[in-house]
Amino acid sequence: MATKHLFLLPGDGIGPEAMAEVKKLISAMNEKLGSGFATDEGLVGGCAYDAHGAAISDADMAKAMAADAVLFGAVGGPKWDAVPYEVRPEAGLLRLRKDMELFANLRPAICYPALAASSSLKQEVVEGLDILIVRELTGGVYFGEPKQIIDLGNGQKRGIDTQVYDTFEIERISGVAFELARTRKNHVTSMEKRNVMKSGVLWNEVVTQTHKARYADVKLDHMLADAGGMQLVRWPKQFDVIVTDNLFGDMLSDIAAMLTGSIGMLPSASLGAPDVKTKKRKALYEPVHGSAPDIAGKGIANPIAMIASFAMCLRYSFGMVDEADRLEGAIAAVLDQGLRTKDIFSPGMTEVGTVEMGDAIIAKFLG
């Protein structure tokens with residue numbers, strides 16, 4: 001069995017505590033299942049700034065580039081609020097995404113049955129929810145040029161951001177969405193604003209052409225992004241895979257996340273293009289939640305999003321679909337048993353800490 005190389009970047013705040021539970025899981029899989037994982041660990045975010053004066057060092061960046069997959073914890077905290085903008089903790093994640101050319105951000109929105117009552121929507125609206133939002137991550141208004149603030153000289157200023165998409169960017173992100181849909185319910189909804197944006201017109205055209213040429217077996221719908229936001233709240237279970245641009249994906253994925261009852265429960269993946277020779281994609285997996293410095297070191301952080309991110313790693317980087325299914329099933333089973341960390345605790349449940357939750361999930365996974 002070929003060795004599977006993982007590079008771990010726990011980061012700041014609760015990142016190291018959550019990552020510790022994944023490290024235990026990896027060790028258990030190697031020992032009990034012979035999974036063949038090899039791990040190395042580096043610094044990212046504020047801790048990297050403290051050690052190297054940069055949000056990620058060149059040496060750790062090289063290790064990330066060489067790994068089969070990167071597991072990322074969280075970055076940031078008040079300690080680093082005053083550091084220069086270009087070396088702020090978040091710059092480490094941005095460099096990873098840029099240098100690894102991670103253009104496809106996968107954001108699942110899954111409502112675990114045991115937590116359906118925690119959603120702000122009616123239980124029947126969200127129970128059984130399983131949506132995957134595929135967000136284009138390296139183009140659009142966040143990266144388009146010009147991007148500047150101009151002094152107009154009359155006491156007024158003008159802020160400029162530019163929304164830009166080329167055909168190939170839309171082709172490759174829609175291709176990822178269609179391929180993923182084939183492994184799910186075979187349904188893609190593409191969202192843009194073609195009624196007011198030329199980039200939306202092109203997006204609609206290219207997605208339609210890509211579908212016709214290569215993925216005609218997948219059901220395709222188009223929806224204006226603002227209507228999509230409304231429909232996510234009205235009846236989210238109509239969706240399977242949603243593909244959209246960087247800006248709308250940023251907004252819609254957070255809307256979808258809150259349907260589930262706790263944004264702190266959700267994983268994500270960022271994928272690059274397949275290597276020409278190996279056909280493998282560079283990939284980074286991370287929980288959606290932040291570094292939560294207010295609870296760091298207290299042993300109460302919820303490790304589920306980090307563990308679920310590792311499940312995505314098993315599925316998308318290593319093709320270990322059965323193991324990914326079992327791990328996701330173990331998370332659901334532990335929640336069904338009533339175990340809760342502080343952030344998702346409710347009366348009648350059993351409150352546990354970070355380590356206890358991790359141990360319970362690992363035991364259920366291996367059992």
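A Cβ is built for glycine as well, from the same backbone N, Cα and C atoms used for every other residue.
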Please identify which of R135, R184, R194 is recorded by Swiss-Prot as part of the substrate site containing R97, R107, D226. R135
Using the CB centroid of D226, D250, D254 as the Mg(2+) site centre, which other residues of the same chain sit with their CB within 8 A? A225, G229, L247, F248, G249, M251, L252, S253, I255
Comparing the Cα of D250 (Mg(2+) binding site) with the Cα atoms of the binding-site residues Y85, P89, R107, A296, the shortest distance belongs to R107
Hey, what's the Cβ neighbour count for I300 (NAD(+) binding site) at 10 Å? 19
What does DSSP say about Y142 (site 'Important for catalysis'): helix, strand or coil? helix
Around K193 (site 'Important for catalysis'), which residues of its chain at least 6 apart sit with Cβ under 8 Å of its Cβ? G200, L224, A225, D226, F248
Taking DSSP three-state, what's R135 (substrate binding site) in: helix, strand or coil? strand
Neighbourhood of R107 (substrate binding site), C-beta criterion under 8 angstroms, separation at least six: L132, I133, R135, G249, S253, A256, A257, L266, S268, V288
